[in-house]
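Trainee: Here's the feature list from TrEMBL:
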- 25-34: compositional bias 'Low complexity' (COMPBIAS)
- 35-44: compositional bias 'Polar residues' (COMPBIAS)
- 96-250: domain 'AB hydrolase-1' (DOMAIN)
- 404-499: domain 'Peptidase S33 tripeptidyl aminopeptidase-like C-terminal' (DOMAIN)
- 25-44: region 'Disordered' (REGION)
- 501-520: region 'Disordered' (REGION)
- 1-24: signal peptide (SIGNAL)
Amino acid sequence: MRHQRALRTALAAITGLTLLPATAAATPSTGGTRFHQQQPAWQQCTPHPDYPGIQWERMECATVQVPLDYREPGADTLDIQVTRIKAKEPAVRRGVLLLNPGGPGGLGSSMPVAVADNRIARHFDLIGFDPRGVGRSTRLQCEGQDPIDQNRPADEEFPKIAAEARELEAGCQRAGGRMRPHISTANTARDMDVIRAVLGEKKINYLGYSYGTYLGAVYGSLFPQRLNRSVLDSAMHPDWLYRETWKHQSIAAGENVEVWSRWLAERDRTFRLGATPAAVRRTLDEVGRKLAVKPVDLLDPPPGMPQLHSVERSLFDSILTWSNDRPMWQKLGLVVGRLRELTGSKPDPDTSAALGLLARRAIPETMPGAYYALNCEADWPSDLNTYYRDMKVFRDKHPYGSGAMAAAPKPCTFRGFTPPEKPVALNRNGYPTGLVIQAEGDIATHYAGGPAMARRLRDHLISVPDDGSHGLYGHNTCVTAKVDEYLINGVLPGPRSLCAGSPRPDVPADGEPVAPQAQPGSLADGIRSIIARYRLDRLR
């Protein structure tokens with residue numbers, strides 16, 4: 001979900017690519033002994049100005065070389081940044097645990113710090129890495145800007161949206177045309193196997209979030225004898241590469257708004273947004289139409305977002321995706337109420353600060369070039385009318401989250417390269433049963449992806465009903481305990497098990513006894529407290 005006020009120019013930055021004479025093509029492999037016998041020079045990681053706020057000093061860093069093209073292992077190479085935190089108790093060490101945050105194209109080198117305070121840190125060397133094209137590895141970005149997000153564009157705007165996607169693809173191709181065909185999930189999995197060999201391990205254990213679940217499944221499919229225990233948290237649907245994943249993000253956003261609307265309607269005396277779910281949604285549309293005519297000005301831009309000065313309808317539609325986080329329901333309802341009552345474009349300072357906090361997650365950062373290259377490893381429809389028909393449906397029926405943009409043409413519609421291989425067929429044939437984890441209201445990877453991935457791999461599934469979290473290990477105590485027991489001791493929960501999610505706010509429904517309530521404080525402070533308490537800014 002991207003928004004015009006978050007656009008940044010991404011300059012071409014391809015560094016660390018070593019060019020050697022090309023050799024004859026061959027079947028992809030992991031490059032043989034040349035790469036497997038590397039001796040990495042580990043040293044304490046140093047901070048990087050592009051990635052502030054990370055405790056680099058807690059980790060060791062090293063660089064590993066991999067082939068650009070595994071069919072030509074004697075030709076060009078890429079640098080892969082690898083990080084680690086050694087097991088705290090060597091006497092009970094159980095090997096290495098490779099980690100991936102998702103994305104695709106997410107910064108993986110910081111992942112060991114993210115889980116270093118969990119039980120697994122006693123037993124595993126925690127291994128992070130920036131996938132090819134990302135972060136401190138040989139980096140790929142695109143020239144130009146992300147297409148402007150318009151959740152509810154008019155029909156006549158569709159060709160402009162397509163033209164922007166075409167232009168971005170051309171910029172990506174200009175910046176990294178030589179590298180882009182080789183930025184693939186299969187090659188990232190092959191890089192993981194080089195890392196395994198360089199670490200001197202016969203097998204790895206794996207914990208991946210979001211897109212990282214697909215990466216882990218691909219690794220297990222390519223290298224089943226080299227994967228031990230695997231945890232796939234917030235799984236991608238194995239058959240939704242990648243357009244259907246985009247579309248189902250807006251579908252999931254609407255499903256969460258529907259559940260939240262029912263909760264608000266049951267508490268109409270508190271929120272005054274409507275006594276039925278349909279009435280609540282009419283109120284949301286009323287506020288959205290108001291913002292389309294007269295956006296609300298923020299008194300101060302949110303920290304780290306100096307370009308954000310107002311909230312208009314598309315951003316409001318994206319802000320409503322907070323309905324996936326149940327603890328935020330009360331505060332989100334109060335924000336909608338204040339916007340409804342606002343007669344001008346200037347909110348009070350508390351409302352302005354609250355909107356800024358909510359907007360920060362609704363506007364993610366511009367993605368690196370690896371993101372688009374990976375999305376393009378699967379084929380996309382080439383007929384623009386297919387997109388235009390879907391955009392009309394999503395604009396009218398699934399307007400929240402990215403709305404119509406979830407179904408819009410993307411750079412991959414105009415893919416400027418031919419992938420050298422098809423996506424890997426997923427299977428589990430030769431490595432142990434793993435765990436898949438999925439929250440019912442996940443808006444990044446729709447719940448359907450969890451059961452589908454578990455069926456495909458014959459893995460066990462932990463479901464978290466009435467919860468919209470994306471990334472549950474280390475956040476949900478029940479999930480964390482089950483995963484720890486599996487990774488450390490090899491004990492799986494039942495084939496299909498449940499964990500309770502984060503609680504809904506304790507606001508009595510109409511007709512229920514009302515306990516004495518403390519005077520409400522700052523709305524913005526309340527939102528900050530919920531974000532901190534439930535770690536709602538994780539893995540975004």
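Every residue gets a Cβ built from N, Cα and C, even glycine.
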Trainee: Given the model, what does the mean pLDDT over the domain 'AB hydrolase-1' (96-250) come out as?
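Mentor: Looking only at the domain 'AB hydrolase-1' (96-250), pLDDT averages out to 96.
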Trainee: Across the compositional bias 'Polar residues' (35-44), what are the DSSP residue counts per state (helix, strand, coil)?
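Mentor: Summed over the compositional bias 'Polar residues' (35-44), the classes give 2 helix, 2 strand, 6 coil.
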Trainee: Count up the helix, strand and coil residues in the domain 'Peptidase S33 tripeptidyl aminopeptidase-like C-terminal' (404-499) according to DSSP, in that order.
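Mentor: With helix first, then strand, then coil, the domain 'Peptidase S33 tripeptidyl aminopeptidase-like C-terminal' (404-499) has 30 helix, 13 strand, 53 coil.
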